[in-house]
């Protein structure tokens, strides 16, 4: 039932009021939605010209708020979208310069600013928001006039990023850090000082530089240029950007080889804030933070004479964040309370693995030598693994410094800085770690002085070279014989070891027959002093086999070695069993330890393997005690002691023992030696003195050849120098001339050993002459 009269009129009035309210609300909602859709639409790519600037100007005037225009560098094209900006902010302009006739190629970015802030409508007037100064990055001379301040350079070579709604302003923090080594001084080095760019300006965080490969005019040049970008703050957010690039040049004068390295860090931090319209005490800003990080490393390596524009940089991204944080560098004048922070350079990034160029990286090899003396020939005593057959073409001559502290061979090759003149050869110090590489290089370069120095090191350390397959295995047969003969150069001397077990002391003395004087040679280590020890020389080394050591006279199997060319004592492989009072002889490059107390076994030492092995023992029905042994014609002869009437002969080729011609008498045999194919046996008689018997290899018969009349002769031991047999005792030293026709004792009595403390053990060593300097390794 419809209302009538006054009720109907009131009802119609109420319906009209309700409809108006509903229609007004719907219209307001539609307008709001349309406005939001209009404001949130993606901005089209803006052209670089007057149209784009006019559009930005109109939008800025309509909103009443200044905007910041940003252009991202090429490496950040995939990052977040940037805010639309007003005419106040500018984008970096591209600059490309390639001069075919010039010494360099430069590709970088340039910027210019045209800041004229305007505000209309409800926007609040603010002034003094930063400086209108700008920065003109380095450019080539052909485009220097086009990139001047206030000009409009050519369009850039990278697209502009999109924009976002003005209702959600953002703050952006971007930084880049890079370093580039190599090249020549740029034409802008002496230009006018750089100025700070305007607010909101952002430049590419990295530029590509291609430096010349052949630089001989300057040495060790370096420069650094930095670009710092300002900051523009708004009421609800901030846009902050910073960009810097470091360029350092290290170029050696006249160097045909160059290495270029470029590393950069780009970090983008974007803060998106939303404004709360409601009044109250709750926070007015809420937003999101986007953090992006990009690190790239590049390297270009060139060898020889190449064209100036053939460099190729390889980027290696790294997922690790930079070690330091980057902040803002400048603040807006009108909003000083909203801006804070300081510009801070990030630390140098950790670069990825370097690419290999032409087989191996020259950066990891040539640039390590100056700061790593292990790769040079100057230090003493270092050990460096030597490849058996190094690459002949991989040994350069010179090197530059580097920042890498690690030392490692590159492509299996070690590099050395060596003198190329004979006058500088005496200053070189080699060791066993580099002698073969230096020898190979010296033979290739025909450097006789350096080759002789390498042979000298090998000969003075022959035992170590013999045990090293990387050195001895690569030498030819002639070179092996050469280093051995070089070790035996010099003059043979009678060397006597005075061993005193009671005082645990001992020493070596050599006898100078020209001046009839004894000279001290070296001290024996306490470990090598023992009772009943034996000595022998092999390859001009003195070997000492221990006897009984300590107060309890415990048998010892230790063996020691002395190098007279370097003056160094060392310990070698011990015996398989202790042998006090054994006889030690050298035959065919091996040592033989024969018998000992209550022993008839024999051991053989191989110096190349540093190992003792058992050899065929003496015949089972013999008992070797206080015997003597010598070597003749690659055979070992043993007699004396309990073998008074027997003579045993050992053949190293057949590895067996034979019984020789029966000899000897009731007198005690003191010593037996071999000279010029004859065996000489010295027997002691208390009443008659010393009787000398000789046996030839052809007749194999013993006969008396000489006597020395003296009552109660002292015991002695013999050593042979040329054709002289020295009989060394505690109280006297006799000399016997082993002449093939008329063997005899020398009438002149020699000077006795000075103040003997213990047992005297003679041997023969070849000592260098005083005018030959020795190398201690």
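From the backbone N, Cα and C atoms, a Cβ is placed for every residue, glycine too.
Of the residues 220, 257, Swiss-Prot records the annotation N-linked glycosylation site for 257.
When 264, 365, 740 are compared in Swiss-Prot, the phosphoserine annotation sits on 365. As stated in Swiss-Prot, the feature transmembrane segment covers range 21-38 out of the listed 21-38, 39-56. Sorting the repeat 'Kelch 3' (541-589) by DSSP state (H, G, I as helix; E, B as strand; all else coil) yields 0 helix, 24 strand, 25 coil. For the repeat 'Kelch 2' (492-538), the DSSP-based tally of helix, strand and coil residues reads 3 helix, 30 strand, 14 coil.
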